[in-house]
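Annotated features, as they stand in TrEMBL:
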{"type": "COMPBIAS", "residues": "1-10", "note": "compositional bias 'Basic and acidic residues'"}
{"type": "REGION", "residues": "1-32", "note": "region 'Disordered'"}
{"type": "COMPBIAS", "residues": "11-32", "note": "compositional bias 'Acidic residues'"}
{"type": "DOMAIN", "residues": "55-327", "note": "domain 'Deacetylase sirtuin-type'"}
{"type": "BINDING", "residues": "83-87, 93-95, 165-168, 260-261, 284-286, Cys313", "note": "NAD(+) binding site"}
{"type": "ACT_SITE", "residues": "His185", "note": "active site, proton acceptor"}
{"type": "BINDING", "residues": "Cys193, Cys198, Cys219, Cys222", "note": "Zn(2+) binding site"}
{"type": "COMPBIAS", "residues": "344-353", "note": "compositional bias 'Basic and acidic residues'"}
{"type": "REGION", "residues": "344-371", "note": "region 'Disordered'"}
Amino acid sequence: MSEEVSKRAEEEADTPDLEGQSDDSSNEGDASGDTEMDFLRGLFSRTLGLSSGEKVLDELTLDGVARYILSGKCKNIICMVGAGISTSAGIPDFRSPGTGLYANLQKFNLPYPEAIFQIDYFKKHPEPFFALARELYPGQFKPTVCHYFMRMLKDKGLLTRCYSQNIDTLERVAGLEGEDLIEAHGTFHTSHCVSFLCRKEYSMDWMKNKIFSEDIPKCDSCGSLVKPDIVFFGENLPARFFTTMKMDFPRCDLLIIMGTSLQVQPFASLVNRVSNSCPRLLINMEKTGQWGLRRLYLFLLIVHRDVAHLSSCDDGCMALAELLGWKAELEEMVKREHALIDSKDAKKKDKEATPSSRSTGAEAGNSDKTE
């Protein structure tokens, strides 16, 4: 009996689900439910001879997570993030009813919303994707509080890696560099010819010029389409995603999941690659996963570790920063970095609007010769 239940529990754990999570804003009924679950967990552990594991968090709240980080025992934090961390920057997420990206694609006359990110459809009909790219192109938005909170984790030597589903490059703008970041669904940072016989690489500036001139990007060498290096449905994830996760997740001692519904595989399955005692913090507008009979088996494996803080990602990160004593530092970082971005944008616009002295001189010289 013990082996059968254990096996079924392990099989269920392969499905990404944070069903054992506790909402730190829960009411008395939820607290009663948690007490029941603790009792049942202990009962089944004793009856079936299963270890309940180490109790890492002293309580399943944001305060408990903050105390754990400040204890010095937490040294390898992994962040898993999705579109929800960028909505406050003005970039829509994918699935929110009415406001999500998929709910507002009617103007592109797609057979179904997801077609805009399917590789076979793109090769035949690239126009909708590039029209959407003009609206959402990186460089038009500023990183959010959440992005800078991850930058702060990096600066304090606590961030092992950020695994991102996003293609907006805002993690890079916030200061996460190549080694800090796994862009699981690719990036606009580079582009390649789609022909397997060519695969010529193009820069972000080259692609940007093509997109905003409303030209369909074609390869200079072979004439095939050129596509930003984002992962479409029907394409493989970057090889680095698979090699790095095998190294990172076994040693993770805090997993922070933000702004993702955990519906897209294989990214979603990463939540189960940490050890059974590793705390997992979800900061999201709603809980992920489905409540059901699996809970009976999952609570045997989900030890005292899962916390759900239901709020916007920015509010959740600011609340955690306050508990850590980092709030003023985070607010100052956001203010400073946004001002720097505004300054760079202003200088760029001035440069584009005003001819350089060198160009003016050259034009004057040409004018003299003509005369």
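Yeah, the Cβs are placed from backbone N, Cα and C, and that goes for glycine too.
Where the annotation comes from TrEMBL, it is an automatic prediction and has not been curated.
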For this session: Using all protein chains in view, find how many other C-beta atoms are within 10 Å of the C-beta of Cys193 (Zn(2+) binding site).
Result: 22
Exercise. When the Cα-Cα distance from Ala83 (NAD(+) binding site) is computed for each of the recorded positions His185, Cys193, Cys198, Cys219, which gives the smallest value?
Worked result: His185
Exercise. Which binding-site residues from the set Ser86, Asn166, Cys193, Cys198, Cys219, Thr260 come within 10 angstroms of the residue listed as 'active site, proton acceptor', judged by C-alpha positions?
Worked result: Asn166
Exercise. Other than Cys193, Cys198, Cys219, Cys222, which residues of the chain come within 8 Å of the Zn(2+) site, judged by Cβ distance to the Cβ centroid of those residues?
Worked result: Val194, Ser195, Leu197, Arg199, Lys200, Asp220, Ser221, Gly223, Ser224, Val226
Exercise. Sequence gap of 6 or more, C-beta under 8 Å: which same-chain residues meet both conditions with respect to Cys222 (Zn(2+) binding site)?
Worked result: Cys193, Ser195, Leu197, Cys198, Lys200
Exercise. How many whole Å apart are the CA atoms of Thr260 (NAD(+) binding site) and Cys219 (Zn(2+) binding site)?
Worked result: 34
For this session: In whole Å, note down how far the CA of Cys219 (Zn(2+) binding site) lies from the CA of Met285 (NAD(+) binding site).
Result: 42
Seminar exercise, completed: Taking only the CA atoms, the spacing between Ser86 (NAD(+) binding site) and Cys219 (Zn(2+) binding site), expressed in whole angstrom, is 31
Exercise. Per-residue pLDDT averaged over the domain 'Deacetylase sirtuin-type' (55-327) comes to what?
Worked result: 86
